[in-house]
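One structure is given below, encoded as structure tokens.
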Amino acid sequence: SYDRGATVAGVVGVGRLITGMDRGLQGMCVNERRHLIVPPHLGYGSIGVAGLIPPDATLYFDVVMLDIWNKNDKLQITTLSKPERCNRTVENSDFVRYHYNGTLLDGTPFDSSYSKGSTYDTYVGTGWLIKGMDQGLLGMCAGEKRSIIIPPFLAYGEKGYGTVIPPQASLVFSVLLVDFHNPKDGVFLEHLEVPESCKRRAVTGDFVRYHYNGTLMDGTLFDSSYSRNQTYNTYIGKGYIIPGMDQGLQGVCMGEQRRVVIPPHLAYGEDGAGKHKIPGSAVLIFDVHIIDFHNPADPVEIETVFRPEGCNVTTRNRDFVRYHYNCSLLDGTRLFSSHDYEKPQEVTLGANKVIEGLNSGLLDMCAGERRVLIVPPHLGHGESGARGVPGSAVLRFEVELISMEEGVPEGYFFIWHGEPPASLYEQMDLNKDGGIPADEFSTFIKTQVAEGKGRLMPTSPQHMPSSDPEKVIADMFRNQDRNQDGKITPDELKLKSDEDQEKIHEEL
């Protein structure tokens, strides 16, 4: 048979072979070698074969068994390994991606997907595979390894395949199922860890910040936000991310950990994504941890923890306030605290000295009141963030108002509690010499404050020296001393209300 370059195939024990060969092959295993000595009466007898085997010849055969099958054979499936978790197994019409080594029954290799460097990708049960493989893949889990022995009538039969698979050859496939999906599949969610306190769930139009690990079904990591040490930030439901993730993040809670399994038609499709090492037709698994989310229309969320009884006076813009605060991210990461310093924080409300959300949250408070403020980024530090604050972060403030001083309107250094004196200049000119120097001006203003007739823009001795009351009065004097000659004349002294009226006339 070696001379002919072709194996011999035949049915044993039904009289199609010489009796000696029929008997000599009985009980042989694949790859077994036998030396058969066949006497003439079990060979070609007294007749022989003309020109080839003389009469009454004893025959010697060196035989190696390459393949055995029976028409009643079925697939032989052996599970070599199986993952612990298996939510679903292969069914007809599924699209599978698998690696394989293919050998003949005697171990001769004929094909391997590993040598090509890519999986074999196809539909199951639709006639695209040989019948034995169509059947042998059914019931497999992603990550499962099987040995599938296929008789020739469920493979390439009498014709074989090209030069690699002989006629009537049984095939042995060692298969590793990498992943599979069905074109009808949607996104599959596993809610791994949902916080007990979930006041609101994300919806289309929300901006979400989350960490993720992205793996293929065989566990291969293709991308991770943790490796970059920054969250992935995006709007959901608006097409900025793959459709499967747009769907998979709907309804998440802050702090939730969720697994999102996405079929390829809702991910990167048949082409995959080279830069992310995602093969074509790959199922993607994202393990996500939601840090926070907000909507661009969100206001500051205010929760009053404690409000003193008999609260009559509350903060307004332009008031000067002292307060303590703790600031953190919604995942509990501590950012800043006034308790790290000796004294409370101080600010004039409405003067653009703190972020808008904190300013809003400090309004309408009583001294001694405590609040929790949830500040969305558009009222905080925005998309860019700040030193120590990530971009687009929602902030949580715990604030306690220590004290407050009633403020003055914007642009004013001093306001009268009632009507100013009719003869203001005469009262201010203490020595009646027709000019008001800085010391006379300062003495007069301090007297008005002491008698409760007016108040200065609030300042604090804790502030820098440039912000103390003396500085405020000096600024007031400099504004009134129009020609900067060191004294105020009757022509120069004007109330701010009169100045504002003059400006309106000028504009008209």
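Placed from the backbone N, Cα and C atoms, the Cβ positions cover glycine too.
If you check TrEMBL, you get these features:
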- 1-69: domain 'PPIase FKBP-type' (DOMAIN)
- 93-181: domain 'PPIase FKBP-type' (DOMAIN)
- 205-294: domain 'PPIase FKBP-type' (DOMAIN)
- 318-405: domain 'PPIase FKBP-type' (DOMAIN)
- 424-451: domain 'EF-hand' (DOMAIN)
- 468-503: domain 'EF-hand' (DOMAIN)
- 477-508: region 'Disordered' (REGION)
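Remote same-chain partners of the domain 'EF-hand' (424-451), defined as residues 6 or more beyond its termini with a Cβ less than 8 Å from a stretch Cβ, comprise 414, 416, 469-470, 473-474, 476-477, 480, 486-490, 493, 495. Proximity of distant same-chain residues to the domain 'EF-hand' (468-503), defined by a Cβ-Cβ separation under 8 Å and at least 6 residues beyond the stretch ends, is recorded for 411-414, 420, 424-425, 428, 434-438, 441-442, 445-446, 456-457, 459, 461. In terms of DSSP helix, strand and coil, the domain 'PPIase FKBP-type' (1-69) has 10 helix, 14 strand, 45 coil.
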